[in-house]
Amino acid sequence: MNKFPWLTIIVVLPIFAGSFIFFLPHKGNRVIRWYTICICTLELLLTTYAFCYHFRLDDPLIQLVEDYKWINFFDFRWKLGIDGLSIGPVLLTGFITTLATLAAWPVTRDSRLFHFLMLAMYSGQIGSFSSRDLLLFFIMWELELIPVYLLLSMWGGKKRLYSATKFILYTAGGSIFLLMGVLGVGLYGSNEPTLNFETSVNQSYPVALEIIFYIGFFIAFAVKLPILPLHTWLPDTHGEAHYSTCMLLAGILLKMGAYGLIRINMELLPHAHSIFSPWLMIVGTIQIIYAASTSLGQRNLKKRIAYSSVSHMGFILIGIASITDTGLNGAILQIISHGFIGAALFFLAGTSYDRIRLVYLDEMGGVAIPMPKIFTMFSSFSISSLALPGMSGFVAEVIVFLGIITSQKYLLMPKIVITFVMAIGMILTPIYLLSMSRQMFYGYKLFNIPNSFVFDSGPRELFVSISIFLPVIGIGMYPDFVLSLSVDKVEGILSNYFYR
């Protein structure tokens, strides 16, 4: 047990401090913006301090553990803890949310509610990544959905209500399977429910029952990741949402699905995962090709970036399915890498839309001339997304490749086929990303803009872009910075595996 409740403070602070937004004086939106940014910055500094001084990298066990009895009736506990798997996503959440609040500066309509919802979402996401009790994990998972639904339905494009309804139907449907899985695991094999994660990890289940649990959890996480064919909510949602919400969706929300797959499906149900991993590998390879091909046919800029996210999630799925140290480390690195790159691309797409009021690529052209800074940053992030050497995306995808090649679970021929199909996916990625940049920025097409004067990005937007670009370059040059966090935990997870 940790003496000082670091994690409780980190989880509760955003939503608690955010509730005071409604009592701030009515002096315009400036006070609300600065208050929210200060809370996010304080939270990020607290998280960084706690992890720097109280987290040991060489310890694969759960650290900073807090365990308090909450509801005596069925032994429900407030149990939080951090290990090598969750420390990266928690820091990513803090970083991206802080920049998303800065990106939300132009939001003026109902700005109190908007900023409160962003902070409530922050608490739910940190809580999901640090929960060590299955029911608490489910509660935090659901807590995060409500703010997202409201952010989607109240701020965004003309079809925002349709996309928000589609989002909530998909995710609520997935949550039913998650709740059934949590209760099934908790109630199995004892008179008293045991929702403690450590107890559940050491529990052995009959193979048939473990497969049922696995499928239930998998559906819940497949909606969030998203995995084909449960991905159709994502392009609609990204196409209509405000770009600060898109940053949180692409940067953090999708990563919760990947985290759940590793944390519950891999760690809790290793035998079932060993059985299903070849199917995950097949779905992952199909997803890379399908989403990349579909992205190429999208006219809408934000939908094209959304499909590129779906394609990149295929690499995470393949890394998880490889059941090797290398592959799983590559998947975790891809989670962090795409968190930065996806958030940045949506931010830059949104700032471009704010200026030219166009979202369809065939209506754009020549944007590089009036907006050279946005052009430079957009091109840089497009190149990092297509895995240019020296960028974080390249390292993550190469490590996933090595994970498949070194996997002992698969025969040589399937490994060759999967690697070949993944390579085709990597060839398709520059085709749709570079054609997007060409349609948007090059040429001399005169587009009809309400204001004849289009200004380039200001200091705030440059700060957000550069703040995301630095870790992308940093991880690309020195990936051990992220890999050192997870390598011991990955070995611990894979020590439970036997090959069937």
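Glycine residues also receive a Cβ, built from the backbone N, Cα and C atoms like all the rest.
What Swiss-Prot says about this one:
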{"type": "TRANSMEM", "residues": "4-24", "note": "transmembrane segment"}
{"type": "TRANSMEM", "residues": "35-55", "note": "transmembrane segment"}
{"type": "TRANSMEM", "residues": "87-107", "note": "transmembrane segment"}
{"type": "TRANSMEM", "residues": "113-130", "note": "transmembrane segment"}
{"type": "TRANSMEM", "residues": "134-154", "note": "transmembrane segment"}
{"type": "TRANSMEM", "residues": "167-187", "note": "transmembrane segment"}
{"type": "TRANSMEM", "residues": "207-227", "note": "transmembrane segment"}
{"type": "TRANSMEM", "residues": "242-262", "note": "transmembrane segment"}
{"type": "TRANSMEM", "residues": "272-292", "note": "transmembrane segment"}
{"type": "TRANSMEM", "residues": "305-325", "note": "transmembrane segment"}
{"type": "TRANSMEM", "residues": "330-350", "note": "transmembrane segment"}
{"type": "TRANSMEM", "residues": "416-436", "note": "transmembrane segment"}
Within the same chain, where does the transmembrane segment (4-24) have neighbours whose Cβ lies under 8 angstroms from its own Cβ atoms, ignoring anything closer than 6 residues to its ends? I mean 6 or more beyond. 31-32, 35-36, 39-40, 42-43, 46-47, 50, 54, 64, 66, 78, 80-82, 90, 112, 115-116, 118-120, 122-123, 126-127, 130, 140
Give the one range among 35-55, 242-262, 305-325 whose Cβ atoms make the most pairs under 8 Å with those of the transmembrane segment (87-107). 242-262
Non-local residues, at least 6 beyond the ends, that sit with Cβ under 8 Å of the transmembrane segment (207-227): 170-171, 173-175, 177-178, 180-181, 184-185, 188, 233-234, 253-254, 256-258, 260-261, 264-265, 268-269, 271-273, 275-276, 283, 287, 310, 313, 316-317
Under an 8 Å Cβ to Cβ limit, what residues of the same chain, 6 or more beyond the ends of the transmembrane segment (167-187), are close to it? 134-135, 137-138, 141-142, 145, 148-149, 152, 193-195, 200, 203, 209, 212-213, 216-217, 219-224, 230, 232-233, 236-237, 264, 268
Give me the stretch from 35-55, 134-154, 242-262 with the greatest number of Cβ pairs under 8 Å to the transmembrane segment (330-350). 242-262
So which of 35-55, 134-154, 272-292 has the most C-beta pairs under 8 Å when paired with the transmembrane segment (242-262)? 134-154
Beyond the flanks of the transmembrane segment (272-292) by at least 6 residues, Cβ under 8 Å: 207, 210-211, 213-214, 218, 227-228, 231, 265-266, 307-308, 310-311, 313-318, 320-323, 404, 409-410, 414, 418, 421-422, 424-425, 428-429, 431-432, 497-500
